[in-house]
Amino acid sequence: QLQSKILILTICAAGIGGTFQYGYNISIINAPTSYIQTFMNETWLERTGIPLESNIILLLWSFTVSAYPLGGLTGAVVAGPMAIMLGRKMSLLLNNVFVIIAAVLSGFSRMAKSFEMIMLSRFFTGVNAGVSMNIQPMYLAESAPKNLRGAVALTSASFTALGLVLGQVVGLRELLGGEESWPFLLASNVVPALIQLTALPWFPESPRYLLIDRGDEESCISALQKLRGNSDLSAELEEMLAEQAAVKGQRAKNPWELFQNPAWRWQLLSIVVLSSAMQLCGNDSMYFYAAYVFQEAGIPQDKIPYVVIGTGSCELITSVTCNVIIDYAGRRPLLLGGYILMAGWAVVFMVALSQQTQISWMPYLSMACIFAYILSFGIGPAGVTGVLPTEVFDQMSRPAAYMICGSLLWFNLFLVGTAFPFIVKSLAHFCYIPFLVVCVCTALYVGFFLPETKGKSFLEISEEFKKRNFKAHTHMVFYKGPEEIKSTML
């Protein structure tokens, strides 16, 4: 079927220059750490004649690393206005400019003898990731048919995991991870950007954006025909027209308007809880521990990078599995199962770490925990979290919801990155207690308060939340006897 091919190719064209870059740029910075720190010291020595102290080098390095989430936060904030003014597809295309600037800066940094160029490059790379993390799931979920919406939007998580693994592979010493080739490694993110710039213009804009935001029914039908082919479009078009009528006369919302409006109370609480939990659950910190645990398990130092690729591959395998099952299993079971399993593994991991030196087989249990934790994260939280803002907000509120989601995601990434070394220092083997608390609380929230969105139209999901948002309100304010209660039950 040509049409399903067009949808698949649209997913690939959006993904390769979208969330793929997020994963790729997180992992390529790990391989050349020591080389870049040496370069910083040599450059400073050449400029001033005085070498840098080790704590100053560490400070400069932490600035370099934290420039990425700072850029991400900036990208998440500008993504909303970009999606509204330029459209979903054009925003993704324009977003590649940031990566091209970043690649030029990092590629020529050694030649220019400037480590400041690397910091600036990481900031621009972050802006690119911040924009794509918000706009790609929105673009894909709005372009997908209802029965495949979860699976299609979830490909964003699969591309992140693919980027993570490829970044680890390209960062191997045999490829671009050597001392001579690190500027090329940092500039290699220009390749996915050029692929997207070549491929994405051939595919249609989000049909929902064309109809509801632009009011262009003709272009919407043309985009739908490209994506769906000869299948009957009347039901889908009818549903879009109903949503267009529901938001008629409204303009796109700002994030603060969502906070002020009681009609968005539960939707907002849900995405705030889940977006925060995604970074505060400790999955990224597992990668921090991976090298140490593998070393303790007796894996030779020079073989550790290859085993670390296994951890990234775990996330890739589970996010692809999650893609296949999300529209059968539903969103809630995957989120609930993921966080419950992670809570369980966090307990086992802390016990294993504390007994690491006493019992000979404990390092292997720690190793198994790392893989199991990453697998549990990949099967639910990693992907489903990005799908929900599209499903629980209407067309006019969606960009603002993604701005809130993205800002939280990047702020918490920065927070965990900064705080985790101190948590390890103060709690030692029990450093996963804060993450355990987050996993348990999130599982409780999902279990008690999050409704299922599988297979429902955007309007049906809106109605379900409306009942929740105004349930207490209707009982308190409008109680006028039995007839009135009957009417609020409808």
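Keep in mind that glycine also has a Cβ here, set from the backbone N, Cα and C atoms.
Annotation source TrEMBL lists transmembrane segment at 7-24 (among others).
If you look up TrEMBL, you'll see 11-454 marked as domain 'Major facilitator superfamily (MFS) profile'.
Tertiary neighbourhood of the transmembrane segment (56-80): same-chain residues 25-26, 29, 33, 36-37, 40-41, 91, 95, 98, 115, 118-120, 122-135, 255, 399-400, 402-403, 405-407, 409-411, 413-414, 417-418, selected by CB-CB distance under 8 Å and a gap of 6+ residues from either end. According to TrEMBL, the transmembrane segment annotation covers 56-80 (among others).
What TrEMBL records for 92-112 (among others) is transmembrane segment.
The transmembrane segment annotation in TrEMBL covers 334-353 (among others). Within its own chain, the transmembrane segment (334-353) is flanked in space by residues 274, 277, 281-283, 322, 325-326, 362-363, 365-366, 369-370, 372-373, 376-377, 379-385, 429-433, 435-436, 439-440, 442-443, 446-447, 450, which lie at least six positions past its ends and keep a Cβ under 8 Å from the stretch.
Tertiary proximity for the transmembrane segment (365-388) is limited to same-chain residues at least six positions away from its ends with a CB under 8 Å from its CB atoms, namely 133, 137, 141, 149-150, 153-154, 156-158, 160-161, 270-271, 274-275, 277-278, 281-283, 286, 289-290, 293-294, 296-297, 310-311, 314-319, 321-323, 326, 331, 334-339, 341-342, 345-346, 348-349, 352-353, 356, 442, 453. The feature transmembrane segment is assigned by TrEMBL to 365-388 (among others).
What TrEMBL lists as transmembrane segment is 400-424 (among others).
Residues or ranges marked as transmembrane segment in TrEMBL: 430-450 (among others).
Counted over residue pairs 6 or more apart, the CB atoms of the transmembrane segment (92-112) and the transmembrane segment (400-424) come under 8 Å in fewer than three pairs, which marks the two as apart. On the 0 to 100 pLDDT scale, the model's mean across the domain 'Major facilitator superfamily (MFS) profile' (11-454) is 89.
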